[in-house]
């Protein structure tokens, strides 16, 4: 791999770095050389991760060599000193020194080189983001350096009993109990297996690697990862492992002389605040009391619960009685706090939290004893629940333990002064639950058998909120971290970020993007195709006209945008509201006919499945791409890669401001106003509020344009983006390409967007994926004529349908056109062809583009009278090659200038109804389907509704790929669901695989009776 000298350090980089990459690596090395902190912004697609890894690991290697050389020099000096001493002492007095020198010399090897060499801690928001980074490291010249990821028991545990439990907290406490009682064989094998070849040979191990290796050697991956920390050059972990004091302690993280890299650092402010905050409810305290009481009853009445090493208690009934007394007093104290319900609660200084707990005799002096008692009780509950079906699960105790660890994270007057400055205590009425059931925490700790106490009228919620992210960052600096580097594609503006973090920043960088104007099209879309203003403000988002216009805007963009389209909403409620409204009005179905729609789910498993299905649609050579509707700050907007055809455009439907009336938001704005001075450059509350929305937008935009050859469109569909403040808070590289016309109509935007993609497809390199999605075009076929004598008179329903077609820009493909001949080899997925080549894939030929009758233009066409076309075909239109500011191409031939429509008497086939044709009464056993497959498809296409025909094609394609006969039959029975279509159903035997023919015949006999 090529080597480059950057700031005196040799860096191996896979290719000649761009200037932005050189600048970035130079700043990283500058931070490490001078032991300073840095804030570095480089847009997504500029190779930020690769540059970060190569520069930091190169510096660590350089430092290792430097330390090793210094050690050898020192050993040489010591040997010379020893020889002098031996001569003075008669030759034998230095035996002890010789032994010491031998040890020093042995330590001068690879292991000795680690002495004094900083370790890198690479933190990001999620494990999936870290897995991508580790994969990138494996592809560099530094893949020989040791890297390991830290994960939770939920991800790493392979114990058959523990791993089946729901929730990380349950697994954690059950694991601790088994380890303590030495009943986990996987844990017992960690020490003996950590030097096994299977472990040593895996230099870089992510979650999947750890589980795979741990399963192979039958050693616990969770504890194995902790053993590998010492020898690792770089550690990977989520933010909370690093920022949360309790997590740092649990993972034995040593921060001193460590290089801390915080990637995706636009989240760091929020993570710092949240990791230092807590919330506890009266219900949680009541659960604690119930749990303690239940255990006391067990112990007091000597209930026959067998006790072994695993379930042995580390507390007495007197300990429980004392704890219960404290909890009862805490409950009484919280319940007695006066709260103004009309004002949404009361706010107190941060130190008020100590007053609350001190009234229950929980204070700095005895906190550690109480914390240990809580941990012992939680572990005990976990073990007896597993063994004896005990109904308590300790959810409230877990919440209390975590709350105390945050409240008493420090001690002394200085700590209390920081609490008073950075924290607020907010107390509000606890809402009455509408339904009876289980109290489930975010981590799933409280289980299904948990008994839930009723919420009292005077129940409260006590929130202990940190509003200064610098509080957490200073804890890292206070532990003597060598350097802290914050980096992301969306950090700007840097000044307010640096001010809030409250740590010294010596190195700053705002990199430009490496793409040019031909690769990005940025538009502010202030109104929809119906000229309705697009504004997702709180006061307008219930406006049916706005919701409808937004839907039609997305619908209009879909045919123009190739591949994947990402649509981001400000919140889940607004996404759900739009989805429901569009489904009711039919807009959702119209979008789906152009591109299938996927919606971001909240559950982890459903999310992974949805993403997989989305990528499959994008990769489908016969598909039209897909639409993914998601939420700003959601999973899709953070860290996922939608390069190339996976994301050719992103639509931002609004500004994702935090909820204005939320107590935490109100207090954050108030806090900033209180601490803001001219000297500290801290932003105002209103500026912070606006910046929160802008950063979420910038992050969502960053999902597209992921590398130097990528291209895409950014469509800001909210007229508030015209405001100067909102524009100025967009990433600088986006502002550079932003149009300045505030009153640009919808039509010209469509035209410019269409030309942008046509031009990009011509001049920019196309990815491998895009070849699978390129639209196949054939020679244009003549328009189907229809002669209408006199005026065309249509009834109200027909007029409404035509108006709907015109307004919503729907084109239905020519149902009468099938080209070429069919070969079974062509039915299989084949490499795609360029637009100029003859199509080779049978199904893609069925969707080839032809000239169209433009039903959006209600003028009429003049056509030859000799046509034998039996139907009025409404075709997919062919993309215009000229410059066009309209959605639809202009008439391409001179003969079409004078237009009229004439009607030929013809049997009408309803393209949209599933009702039976009255002309057909049932299954005709003598009726035969065409032998030729192409002719058969022609007949099918004209015999069933369009929606069923498209589903039919999808069924055949899937069957050819997965050979799932049951799914094939299910799809065919839906397509041919009437007796008069059974002859077509029987004809489908020619598409069935040989080993499925007998099953097909049996099914046909069952359905058709013959």
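Backbone N, Cα and C define each Cβ position, glycine as well.
Source: prediction; values computed, not measured.
Annotation comment: Swiss-Prot describes 7-333 as domain 'Helicase ATP-binding'.
Summarising the annotation, Swiss-Prot assigns ATP binding site to 42, 43, 44, 45, 46, 47, 48, 49 and lists sequence analysis as the type of evidence. In sequence order, 489, 702, 703, 705, 706 constitute the residues six or more apart from residue 44 (ATP binding site) in its chain with CB-CB distances below 8 Å.
If you look up Swiss-Prot, you'll see 157, 175, 184, 220 marked as [4Fe-4S] cluster binding site, on the strength of sequence analysis. The Cβ neighbour count for residue 184 ([4Fe-4S] cluster binding site), using a 10 Å radius and every protein chain shown, is 23. Taken residue by residue with DSSP, residue 184 ([4Fe-4S] cluster binding site) is part of neither helix nor strand, so it is coil.
Per-residue confidence over the motif 'DEAH box' (263-266) averages out at a pLDDT of 87. What Swiss-Prot lists as motif 'DEAH box' is 263-266.
Swiss-Prot lists 912-931 with the feature region 'Disordered'.
Annotated compositional bias 'Basic and acidic residues' per Swiss-Prot: 918-931, in sequence order.
Of the chain residues outside the ATP site list 42, 43, 44, 45, 46, 47, 48, 49, 20, 51, 489, 511 have their Cβ within 8 Å of the site's Cβ mean position. For residue 46 (ATP binding site) paired with residue 157 ([4Fe-4S] cluster binding site), the C-alpha to C-alpha distance reads 37 Å. A straight line from the CA of residue 157 ([4Fe-4S] cluster binding site) to the CA of residue 42 (ATP binding site) spans 37 Å. For the binding-site residues given as 42, 46, 49, the lowest number of other CB atoms within 10 Å of the residue's CB is seen at 49. Spatially, by CA atoms, the binding-site residues 175, 184, 220 include one closest to residue 42 (ATP binding site), and that is 220. Shown in sequence order, 153, 158, 159, 162, 178, 179, 186, 187, 222, 223 are the same-chain residues outside 157, 175, 184, 220 whose Cβ sits within 8 Å of the Cβ centre of the [4Fe-4S] cluster site.
Cα-Cα distance from residue 184 ([4Fe-4S] cluster binding site) to residue 47 (ATP binding site): 44 Å (rounded to the nearest whole number). The Cβ of residue 220 ([4Fe-4S] cluster binding site) lies under 8 Å from the Cβ of 156, 157, 158, 159, 184, 186, 187, 189, 190, 214, each of these being in the same chain and 6 or more residues away along the sequence.
DSSP places the residues of the motif 'DEAH box' (263-266) in helix, strand and coil in these numbers: 2 helix, 0 strand, 2 coil. Taking the Cα atom of each, residue 175 ([4Fe-4S] cluster binding site) and residue 47 (ATP binding site) are about 40 angstrom apart.
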